[in-house]
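S.K.: Annotation source TrEMBL lists domain 'Cadherin' at 80-160, 161-269, 270-384, 385-489, 489-606. Annotated signal peptide per TrEMBL: 1-24, in sequence order. Annotation comment: TrEMBL describes 616-637 as transmembrane segment.
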Amino acid sequence: MRIPMTCCLCPFLVCLCFIQRCYGASHHVPTKVPSKNQTKLANGETEVHHRPKRGWIWNQFFVLEEHIGPDAQYVGKLHSNSDKGDGSVRYILSGEGAGTIFIIDEVTGDIHATKSLDRERKAHYVLHAQALDRNTEEALEPKSEFIIKVQDINDNAPKFPDGPFEATVPEMSEVGTSVLQVTATDSDDPTYGNSAKIVYSILQGQPYFSVDPKTGIIRTALPNMDREAREHYTVVIQAKDMAGQVGGLSGSTTINITLTDVNDNPPKFPQKNYQVLVLESAEVGTPVGKLKANDDDLGTNADIKYTIINSEGANMFSIATNRDTKEGIVSLKKPLNYERKKTYTLHIEGLNTHADPRFTYLGPFKDTATLKISVGDVDEAPVFSMDYYILDVYENSPSGTEVGTVTARDPDGDNKPVRYELDGKEEEESYFRIDAKSGVIRTTQPLDREDTPWHNITVVASEVGNPVLFSHVPVTVQVLDTNDNPPEVAADEEVIVCESSRPGQVIQTVRAVDKDDFANGQRFSFALPSQLPVNPNFTLKDNEDSTASIIARRRRFSHLTQELYELPIVVWDGGEPSLTGTSTLTLRVCPCQRHGRIRMCQGEAFLSSAGLSTGALIAILLCIIILLAIVVLFITLRRSKKEPLIISEEDIRENVVTYDDEGGGEEDTEAFDIVALRNPAAILRWENINLGQRKTLSLVYIF
């Protein structure tokens, strides 16, 4: 609404003049009142000077914005006390907008605005006024600064700078729950009138929501708003200035409000009874059925845990929740058998895992349903009476001896006959055969326990007329032992006879071994052959603990006279029937170490173990000695070359070379050439020392 300038200008100027007069009176600034200044002249007279007091003060002018009249808008008037009204004063205006927006009449001082102003773009203008003498161009008043303030009118409607808005609020919220606060802005002057005083109201969205007229806070207005019934709402909010009065300007914005989900709906099975058919051949872990409880909620509020709550179903089946489809998947936990049980009844419960305690009054957040599973009959392979068989047979039994019987039956209702056979892929098949009708297993040849004590075979059973359906079972055959191996003396190590052995001394204790098992080989007896004459050198004592001791019968054995002796020993076991074996031991005569504690020859044992004779050993030792002598001589010569031949006379050393030899007294002196031992730096002294029948030759070098 625009107010013509002519309607409000006069009252405004009257008020402005009144304020100006009051302001001037309060500051004691007289207007157009001359002050008299007296000057004493030479003749004693006084000259009175009349100087007018200037009223050259302005604070501010006002001009309405958005002026659209045909004439320039009158702003105000500048006036100086020096102005007599004769046009001798010229008024000048400078500053912001001077000459373009604001013009001044140089004679009267009237100021006009030539353009329409917008307070929101510029709220005030700072200008400077000056009064000049038109003739002399001298300043009659000092330059004065004043402000022209653009007065606001209600020309801007409120705006929502951030709209439209998106907001959410939980469903089932209480009345008055805050949803969102919207704020509008108004470019008009908030300090002047009601142009910028905004009031909010709701244009669309009732009766579900309300808005606070002062703050713009949107709140719920209805209780129990259900997302499952309606999820989205559109609310339009209006902001109106002038405090909402008639004629005020307004703006609006849209708020899209979405109700978020809470767990306020229990799960429900669409039907109470379900039925499914599962073949008995289904493998363990196979999914056999599925069912789903509906929940109108979303996300985690719709999570359901399925449980089989009766023991009959829980023992045979399991159920798990598919996270994507929210279905309960029923799987087989144990093998099914149509002949044993044909139907199963499962009581299944669906329970919300994230219940909200605020809505427990709506009832239990779970539901139950019944699933009936019917087992379908299929033609099954024969079933053996045992998972595995362990049979036995004695070794050396004739071919065709019965080992045992395996039994299988058709688990189906018609109970078809079963045919047996051995798995042809196994090598053990050659030792056994099976009767195709009775399942009796027999040997095909005598078995030897010492060769193979255990045999593993596989028996295959199939329905007669339908070989595709078959099953197999492992059969282990143990070969039982018979006493069919004679014992013999164990020859673990060589028997050594010390040359210093005495009559009655135990040479060595021997034991027996038997290829038969522990039951037939645990007891052994020993003796010397009875058909041979009495052994003059050795005898045998049975210790009655499956060992025997070889005892010397004489002394003074010599390996030079006889090195080897043979001793036949008869040993028999305690089996049924008892078997006897004869073993011949070789006894070696050796000179033993001290006290005869170690049964090992000193020289001969080493030679025998190395495979060398006595002459070869002597030759090897001589070669080693010669090599050592050569090495010592070589080292000595190298050291003698490094020693100086001439040393100081004060250092006198004697090197005596001593050796033993049979000598002939003084005649031996002629056997050596003493001159060969002399050198220019040494004196050879020969001493012949006769010690009994042996002489010692000493060569003394004096340096």
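Each Cβ is built from the backbone N, Cα and C atoms, and glycine gets one as well.
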S.K.: Pop the mean pLDDT for the domain 'Cadherin' (270-384) in here, whole number is fine.
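M.R.: The answer is 92, the mean pLDDT of the model over that range.
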S.K.: Using DSSP, tally how many residues of the domain 'Cadherin' (270-384) sit in helix, strand and coil.
M.R.: 16 helix, 51 strand, 48 coil
S.K.: Based on DSSP, tally up the residues of the domain 'Cadherin' (489-606) by helix, strand and coil.
M.R.: 10 helix, 49 strand, 59 coil
S.K.: What does the DSSP secondary structure composition of the domain 'Cadherin' (80-160) look like, as residue counts for helix, strand and coil?
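M.R.: Counts, helix then strand then coil: 0 helix, 35 strand, 46 coil.
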S.K.: As a quick check of your reading of DSSP, tell me how many residues in the domain 'Cadherin' (161-269) are helical, how many are strand and how many are coil.
M.R.: 3 helix, 45 strand, 61 coil
